[in-house]
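As given in TrEMBL:
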DOMAIN    10-413  domain 'Enolpyruvate transferase'
BINDING   LYS19, GLY87, ARG115, GLN160, ARG336, ARG378  phosphoenolpyruvate binding site
BINDING   LYS19, SER20, ARG24, SER158, GLN160, ASP305, LYS332  3-phosphoshikimate binding site
ACT_SITE  ASP305  active site, proton acceptor
Amino acid sequence: MFVRPVKVFDRTLSTAPDKSITHRAVMFNAAAEGEAVVENALLGGDCRSTISCMTRLGARIEVSGGTVRVRGAKRFADAALDAGNSGTTTRLLAGLLAGRGVNASIDGDGSLRSRPMKRVTEPLCAMGADIESTDGRAPLYIRPAKLHGIDYVMPVASAQVKSAVLLAGLGADGETRVTESVPSRDHTELMLKAMGADITKSGSSVIVRRSELRATDVRVPGDISAAAFLFGVAAVVPCGRVTVTEVGLNPTRTGVLDVLCRMGLEVTRDNLKAGAEPYGDVTVARVGALRPFTITAGEVPSLIDEIPLLAAVAAYAEGDSVISGAEELRVKESDRVETTVVMIRAMGGEAEARPDGLVVRGRGGLKGGKVDSFGDHRIAMSAAVAALASRDGCEILGSDSAAISYPGFWEVLC
Ligand code: S3P
């Protein structure tokens with residue numbers, strides 16, 4: 001894909017449906033009693049992996065347009081599961097299946113096989129699960145086991161790990177408590193509560209007890225992590241202004257908006273709809289020069305997936321932007337510290353990798369050139385945003401990876 005520079009970008013758009021919420025709505029309803037409809041579901045590669053895994057486990061799932069009808073499996077069938085590129089599918093399923101009396105394996109593509117799984121197998125085994133990994137990675141092999149609750153203090157800020165333990169807790173004796181020092185996205189807790197689970201929050205802990213789930217309809221809001229790319233365009237293009245309608249505004253996910261404000265962009269929220277998963281229309285407009293920013297550990301979980309994009313935007317500011325406490329970036333679909341630095345340098349910018357993050361030395365713009373996505377959807381889309389305001393434009397190799405989380409991205413952008 002070759003992305004040519006533009007001078008103006010002033011548009012009102014909807015964005016891709018939320019990936020995290022779609023995964024959960026399909027997976028949890030597949031484990032629930034009854035039938036539910038998931039409206040405005042994301043049908044990108046990752047969520048399709050979840051749909052196919054839950055179908056293999058015995059749920060009846062029909063997809064029609066953006067609507068997914070899910071009839072829960074009374075009892076999961078033994079299955080060999082392919083989670084594709086999706087860490088969320090793998091880790092959440094490991095927790096969900098651990099105490100449900102099934103023999104299952106979970107495998108995926110080369111990127112998934114390189115990602116750490118000990119972070120879920122360790123707490124699940126501490127609950128009594130019988131899970132074997134392949135040197136701490138996928139494929140995972142799950143066998144039937146009787147689980148008991150644990151009191152788990154999270155060693156990493158990860159919603160996937162938190163969710164895996166909570167889902168296992170639904171089928172465990174006694175109480176399962178998960179405590180996190182920095183809050184990660186709470187879609188699992190909110191959805192389990194709506195589905196009738198015995199789950200409560202107490203300070204920085206979530207407590208769950210054995211529960212059956214009730215099938216529950218879900219309307220998925222727009223994904224703020226997908227909208228972030230559109231906001232990024234408004235930030236880098238000289239006359240940039242973007243309104244994204246009906247985008248999810250769960251406060252555990254909105255860190256990107258705070259950083260864009262700190263960079264000097266005008267960020268406004270309209271038509272706000274309250275609820276467990278609030279949403280509304282968000283406008284980002286460029287009103288002058290961009291300022292560099294600092295991101296530290298406490299803010300990282302609220303914008304973890306947006307860091308490659310924010311780093312690309314930082315190349316359009318004047319001065320050094322510093323991102324620290326973000327070592328988790330190294331174990332995403334690619335090592336996003338390295339792939340983000342390589343992307344910025346390939347476009348003529350200056351950036352430096354650090355063990356726990358990166359520094360972008362903003363010089364008010366990028367030349368462009370040729371960038372490899374390394375098969376990582378968020379690197380491909382971040383490069384595209386940076387390219388739209390570059391001097392010469394940019395060729396993006398592996399651009400089709402965007403379909404993992406944002407089918408239709410290229411039609412919106414180019
Ligand atoms: C996700 C959690 C995050 C995020 C991923 C989706 C989720 O991962 O990066 O894209 O849906 O729970 P971690 O929880 O591992 O940080």
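Count begins at 1; order follows the chain as displayed.
Including glycine, each Cβ sits where the backbone N, Cα and C put it.
Note that TrEMBL annotation is computational and uncurated.
This view paints the features noted in TrEMBL onto the structure.
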{"residue": "LYS19", "record": "phosphoenolpyruvate binding site", "Cβ contacts under 8 Å, 6 or more apart": "LEU42, GLY44, ASP46, CYS47, THR88, ASP223, SER225, ALA226, SER405"}
{"residue": "SER20", "record": "3-phosphoshikimate binding site", "Cβ contacts under 8 Å, 6 or more apart": "THR88, ALA159, ARG185, HIS187, ASP223"}
{"residue": "ARG24", "record": "3-phosphoshikimate binding site", "Cβ contacts under 8 Å, 6 or more apart": "LEU92, SER163, HIS187, THR188, MET191"}
{"residue": "GLY87", "record": "phosphoenolpyruvate binding site", "Cβ contacts under 8 Å, 6 or more apart": "LEU112, ARG115, GLN160, LYS332, GLU333"}
{"residue": "SER158", "record": "3-phosphoshikimate binding site", "Cβ contacts under 8 Å, 6 or more apart": "ARG119, SER184, PRO301, GLU328"}
{"residue": "ASP305", "record": "3-phosphoshikimate binding site", "Cβ contacts under 8 Å, 6 or more apart": "SER225, ALA228, LYS332, ARG378"}
{"residue": "ARG336", "record": "phosphoenolpyruvate binding site", "Cβ contacts under 8 Å, 6 or more apart": "ILE307, PRO308, LEU329, ARG330, ASP376, ARG378, ILE379"}
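In the predicted model, residues of the domain 'Enolpyruvate transferase' (10-413) average a pLDDT of 98.
Only ASP305 of the binding-site residues listed as ARG115, ASP305, ARG378 bring a Cβ under 6 Å of any atom of ligand 1; the order follows the sequence. When secondary structure is read from DSSP and collapsed to three states, LYS19 (phosphoenolpyruvate binding site) falls in the helix class. Max Cα-Cα distance over the annotated phosphoenolpyruvate binders (LYS19, GLY87, ARG115, GLN160, ARG336, ARG378) is 19 Å. Counting every protein chain shown, 22 other Cβ atoms lie within 10 Å of the Cβ of GLN160 (phosphoenolpyruvate binding site).
The number of other CB atoms found within 10 A of the CB of LYS332 (3-phosphoshikimate binding site), across every protein chain shown, is 20.
Each of the binding-site residues ARG115, ARG378 was scored by other CB atoms within 10 A of its CB, and the lowest score goes to ARG115.
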